[in-house]
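Step one of this worksheet: look at the structure below.
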């Protein structure tokens, strides 16, 4: 062998390194021994040395320690030792057998080969004890190393076996041979031992090591299997199988979920982020004085530094969240970016392999078969590698997103507990909650796509580069088309956005109207006004549908552009290519590879514009979060805690502001130990501000505030948490039953707790929604009393409670004999009653203390305090006995005549105002059935509070009874009937048309591709331009066909869906309007509104898009199967098993993922509601100093949300890996069959493979979309369910038309043994009532709360239907007529005046049948004329929601005007309780007496004096009539119930 021709490698081995004829140009390929022993061994070794850095990183990052020795790691160590021994032996044997004296020369390979192997094995060996010590259970690098080593040793096995058999032949042949084979024999044996050992190591590395003994966090039995899963199980997500199976068998519940991985929990993420944040904050200060250690931990809590800094630290600028985010989570992100780069490169290797396959088929006879197989396998390996790496990439990105979200939510939460009041004023609670709900969430959604910023341009660049190689400069023509389409799309997109905004506006309008209608549905039914409002809703809906229709046209336009884009691009490019020069001829390879590359370019080109918008939006979010995190905080040093001062609480020369002008000045207050100090003054004089100053909530401009001891604080507006009553009172302290009961009795909560459905374990809704104001205030007080603090700040705790309750609380709790007698307390109060009993009084006026002293001193001063008392008494809201007490107190102090005079006057006023019965019972609490007896107490307050509790009890019962039935539709699949209902609503014609058009579209697409390959295969084209142009023309026509088909198909679908949603909404609306009243009482309003907002929106916007995707994807998959089967029919045999695999993956995924998403969204809202609660109650939380507890609660809620979120992220990856492997199998079989199946047309082969390459993505999408459809079709199910509910009696009947226009002419009302109940299964409310009222009589109805007064009127209007007996008007049974006939011929002035937003005119006459003159006449009679005249818009004056912009009295008068406009023979007057001032009341009474002289008037009275002049009085008790006679008759009889009522009201 001539030395000079050989390469250095040849010299190194002593034999040829690379021999192309032996390896490539042969039917029996093989590597040279030198190549096998160097390249194939050193590649894995090099890989391991490069990536070993990751193994070191995992050691460092591990949270666990100390895995015990077990079978697995002992075996690993032993096998590894064996490998070390065998390589060492190789080196020794080489040195003995070769070189020196022996005739075998010693080459470098013989020395270096074993050394390199030995070093690598040694490195691997060192990691066995290291991993054990640091608790690393599996490492990817080692697995990949052993995998590569094993696979790459396979060629050498073949070589060694062949050489061995050749040696045997030589030895067997008879000639005695001189050759010494001992070295070769040794190598043979040593290699196979080595090979066996590496294979064993590979198998051992498939399993993870045992569980570590020491872990940083307690590992529960519910631990996530991922932590101890092996590398193989991690990249295939095999550890998730258990959950998928569980979710498939029955719907997952919260208890089935795994615990969070410790490294994703708040306790791991927060310290890292806080450390970097604090560093960043410090960098922003010029004065570097404060150098602090790492993020400080105080009992596991993370402290964030305040970027706003002390007043002296000059800032360089805002501290931004971005640098800390990069530093905290950048590592994982970069690793992900590396993976992305890798997959992008692999993507572009696919078209190259495709072109190899095509050229292989073209030269079928010349090429050996193994090359084709190799290409197919190569294609599969590329695709599989891409699948696994992408899976890991997305997983990593999601984790980064989740961690960023955790960090931001917690940073925002911690900040919210400390922001100053001026910051708080700048933004509403909603905006602050949005930072967390929207802005932090946006980050999470962006991280997954962030890498596209560099990846998309890279992909486009690579695609262009490869295209240039295929087609030269004509690529630019295609690119130009693509780039032109981007702005066109942008324009359309912006148009769509404006339409969407418009549609949102209409939707909000419609939902707002629905909300009002449903809130006032009772009034609508009483007035028979439903048709008018139904029409209003439908009018808005029509506008909304019109907008949706325009959006649909535009959307069809976009999809039209996108579907024709790839086609136009290829048409333009190929046309340019063949027309520019005669020499340019299309070949199959060129055509297919180019089409494939253009497809690869489509995605990044679409994503880039969207991404830029997203990034801009995220930038806005970053700025908003930065602004919030940099905002001013409360100064923790504004209140001192200096125990050397004489008194526990004091302010000296204080000046305070709420951030703008000075609110309090010259404040000097001392609170002695265990004394009670009262702060009084007019509204807005700064009483509450003084309390806030003690708490350090105000900005202190001067002076000293000092408090010593533990604080408790009762705010003016009680802050109630969404928790049980007991939790609200305990507020984080331990439960001590004796103390707790004492507190409850003292705060007068015992009676309320008895009424609540679950006692003190009743859950209180958000913001205390199911409690009355007084109950909230008392719970807030009980919390303070229970906390057993030293100092009490009570900010007007008695304002919301009734007088006698207030008295009880003062005596039992606050006063000198109360529970708090030994504490120091400051009481802000509006009442005068308790002032004589306090130790000292400070009077505030205009933010200054005008005088102070004891009650007697101040009364003698005749200063501001005396004025305050006089002003207070004139308001006249004190009870009689209290006034007498004040009178005594004042007269004892000596000469103050003018004060005494005022007191006398007030006493007189209080007498006349006493009411017989302060509350009327609406249908809500008669719903309680037996609830009436609970509340027959004489006390005003009890009656008031218990109604609220009754409503809450009703709510609770209905929750217990109701929730179960809605949840039913929420688990498991959706019945086929729902789909059928949907398709029926779309219409059969449109549904079929959509499918047919989709079919046509795919047919055209396949046709155009087949045509291209036919053109490329045609030899004659080269010399015949005419033929070429014909091909080009037909290709264009095909394209035109597919584009048109697609346009119409997306149009029919969109219009069909709109038609359907219109129909569904109409039926839903008409059904809900025709519900009987009882259904409205048992269904929470929110749930009904939800149908009209969320579910209708889903049907409008979400479903059409999903359907479009699903249908087009499904047809694309079909097309793929068709094309592959065309080229290789045998493929159909593989389809069946693959389809099975696919189906199972899909079923498992859908079941599990749907439930996980539900759990996730359920667990997400508590984070936000807890946050908004915290923001609202921040001052209370700070006062009690329980911030840390709330931070922990918030962290726990975030973690709980992650617990649900993480598995759903994994479920996506689990599915993607499985589906993509199914797709990869399709690629493998399509290409294998094409290569082996003897298909000679290269065009078809290429086409089938390139279709197969696209199928993975399509399959993936198909499953996701179909599972989304299953999740969203539930909306249709819900709406369908409401369309099958019970309806009230028909509105109009045929026989009604025969009734005279002016029926009832006389107005005779007759009840015959009438019985009624509110709902099936409840007790009767009226038990056999009979009476007869002549036309034109005025009748008053009285009775205690719950006696059935309201039920009488409701029955008259058939809001509740009779259970027995009958009512007739003018001799006609009312049950025999249509509801609207009946209701429109009766008039009612309801108890609470309900107005709807809209013009005043619509509120008076919604059907617009009256003339202006009639309306003005009615307004004049109802004393509103002058008011309406004074309005700019007159009758068209817009009334806001609920009539907020009119006073209560004016609203009542509007209702009177409605009645006057109707003027029917029978009028029912349900008197307002206490809402109306006496003046308005007189006006109404006067008008009714004059205007309704001829009518029959039924009055439900609460003030007896209004009905003393009526003709008859009905006294009801427990649903029966006890007395029915004229008032004079009843008053003459002292035994009558009416007489005793009149006596109570001081009328007799």
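Glycine too: its Cβ is placed from the backbone N, Cα and C atoms.
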TrEMBL annotation of transmembrane segment - which of the ranges 1032-1060, 1061-1089, 1090-1118 it falls on: 1032-1060
Annotated stretch (region 'Disordered', per TrEMBL) among the listed ranges 928-953, 954-979, 980-1005, 1006-1031: 928-953
Stretch of maximal Cβ-Cβ contact with the transmembrane segment (560-580) [cut-off: under 8 Å; candidates 449-468, 988-1012, 1032-1060, 1130-1150]: 1032-1060
Contact call for the transmembrane segment (373-395) and the transmembrane segment (324-342): at least 3 Cβ pairs under 8 Å, seq gap 6+: yes
Other parts of the chain folded back onto the transmembrane segment (449-468), taken as Cβ under 8 Å at six or more residues beyond its ends: 333, 336-337, 340-341, 344-345, 347-348, 351-352, 397, 475, 478-479, 593-594, 597-598, 600-601, 603-605, 607-608, 611, 614-615
Beyond the flanks of the transmembrane segment (1215-1237) by 6 or more, those residues with Cβ under 8 Å of it: 235-237, 357, 360-361, 369, 372-373, 375-377, 379-380, 383-384, 387-388, 390-391, 394, 1120, 1124, 1127-1128, 1130-1131, 1134, 1138, 1141-1142, 1145-1146, 1149, 1153, 1244-1245, 1248-1249, 1251-1253, 1255-1257, 1259-1260, 1263
Long-range neighbours of the transmembrane segment (324-342), counting only residues six or more past its ends (CB under 8 A): 269, 272-273, 276-277, 279-280, 389-390, 392-393, 396-397, 399-400, 403-404, 407, 447, 450-451, 454-455, 458
Outside the transmembrane segment (1032-1060), six or more residues from its ends: residues with CB under 8 Å to it: 545, 548-549, 552-553, 555-556, 559-560, 563-564, 567-568, 571, 574-575, 578, 982, 985-987, 990-991, 993-994, 997-998, 1000-1001, 1004-1005, 1007-1008, 1011-1012, 1015, 1099-1100, 1103-1104, 1107-1108, 1111
For the domain 'ABC transporter' (649-871), the mean pLDDT of the predicted model: 88
Stretch among 78-96, 135-154, 186-208, 988-1012 sharing the most Cβ pairs under 8 Å with the transmembrane segment (111-128): 78-96
Criterion met for the transmembrane segment (78-96) and the transmembrane segment (186-208) (at least three Cβ pairs under 8 Å): yes
Range from 135-154, 988-1012, 1130-1150 with the greatest count of C-beta pairs under 8 A to the transmembrane segment (186-208): 135-154
Within-chain partners of the transmembrane segment (1130-1150) [C-beta distance under 8 Å, separation at least 6 from its ends]: 244-245, 247-248, 1121, 1124, 1211, 1214-1215, 1218-1219, 1222, 1225-1226, 1229-1230, 1233, 1237, 1248, 1259, 1263, 1266-1267, 1270
